[in-house]
Amino acid sequence: MSERKLFTSESVSEGHPDKIADQISDAILDAILAKDPEAHVAAETCVYTGSVHVFGEISTTAYVDINRVVRDTIAEIGYTEAEYGFSAESVGVHPSLVEQSPDIAQGVNEALEAREGQSDDFNVIGAGDQGLMFGFAIDETPELMPLPISLSHQLVRRLATLRKSGEISYLRPDAKSQVTVEYDEHDKPVRVDTVVISTQHDPEVSNDQIRQDMIEQVIKAVIPAHYLDEKTRFLINPTGRFVIGGPQGDSGLTGRKIIVDTYGGYARHGGGAFSGKDATKVDRSASYAARYIAKNLVAAGLASKAEVQLAYAIGVAQPVSVRVDTFGTSTVSESILEAAVRQVFDLRPAGIIKMLDLKRPIYKQTAAYGHMGRTDIDLPWEHLDKVSPLTEAVAALSEGA
């Protein structure tokens, strides 16, 4: 009998409390970068019933109306009714932002390499902190993402579309999805075993109506029919009621959905969150670079699955380590792939920032529905422009091996 395994990932909607916080943090970052691309930003947000607290460290020459940015973001998400317990125009906004520590700034503004006399423009910026970051790609989906997280994101995005268009009028902003995929003995996805959708709703709608709409207008509209069968389970609002939601039901905090933001648990995670951080913070920029590398490796046919680890020391430009793991799927040795990666990609913070053009206000759009594998927006770390350079570098290194 062939061995089959299950793997589960989840996603949450833009109206989930933690995602509200992420979007506010990134909206503040974007507003600052639009006026001052050289700004250093670390903006954290906490939301709960009737209140938003914004705190952190910012070094900038720009003035931004934090209060207005917060309220506009909340309204765009859909919290505009007082009965939700959290409304854009009535919520209390409490900013508490200070300047970045000069001890940190001296290492970011002038890397160790520059202080030691290594004259190179890309040695100017040091990593904003120590840490390890992962990027991943796999050939399970056209966007080279694991299927469980891809489907989970699509479900909550579909919910948001139906809510904002008014097609399903009883929907409220908070929602979660979870998809369990069954894999065969070759680790290939064969079917969807279980789908969970929990969606906030108006009080008068029946559970039967919600279930019918979720199955017909959300699940079957998103998940390809060949993955669904008579044994697939649909668990819709399993508690039986989800009227109280958003920050009225749970507090939210920036950086608490790091697995949703990346690969749904299918790949490793270095632990650093993304939202509210400018690109000198390698938690964010190096994670994007690692995804860029992994995706181009898989797209080039050099592996069917690739995980890239990068690691940095605070105030140092060059990564302290670069590792490529292809889980036995590569067409050449991993040492050759690592050497090719070092040739093709400049992985110093300034190199990553230039390569991916990260001083632009592009971050708020990433703060819900995943930072990786997005097909609805154009993100530079999802581009496949390094396929040819990687292929050529691997060929040259293989000849010399």
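Placed from the backbone N, Cα and C atoms, the Cβ positions cover glycine too.
These features come from Swiss-Prot:
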BINDING   H16, D174, A175, K176, R241, F242, D250, R256, K257, A273, K277  ATP binding site
BINDING   D18  Mg(2+) binding site
BINDING   E44  K(+) binding site
BINDING   E57, Q100, D250, K281  L-methionine binding site
REGION    100-110  region 'Flexible loop'
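Positions of Swiss-Prot features highlighted on the structure.
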| residue | record | Cβ contacts under 8 Å, 6 or more apart |
| --- | --- | --- |
| H16 | ATP binding site | D174, A175, K176, G246, G252, K257 |
| D18 | Mg(2+) binding site | V12, G252, L253, T254, R256, K257 |
| E44 | K(+) binding site | A21, S25, V54, F55, G56, L253, T254, G255, G276 |
| R241 | ATP binding site | N207 |
| D250 | ATP binding site | P17 |
| K277 | ATP binding site | L29, V41, A42, A43, D283, R284 |
| K281 | L-methionine binding site | A42, G128, D129, G272 |
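Taking every pair among H16, D174, A175, K176, R241, F242, D250, R256, K257, A273, K277, the residues recorded as binding ATP, the greatest CA to CA distance is 36 Å. Counting every protein chain shown, the number of other Cβ atoms lying within 10 Å of the Cβ of E57 (L-methionine binding site) is 16. Within 10 Å of the C-beta atom of A175 (ATP binding site) sit 27 other C-beta atoms, taking all shown protein chains into account. Following the DSSP three-state reduction, the secondary structure of E57 (L-methionine binding site) is strand. D18 (Mg(2+) binding site) carries a helical DSSP state (H, G or I).
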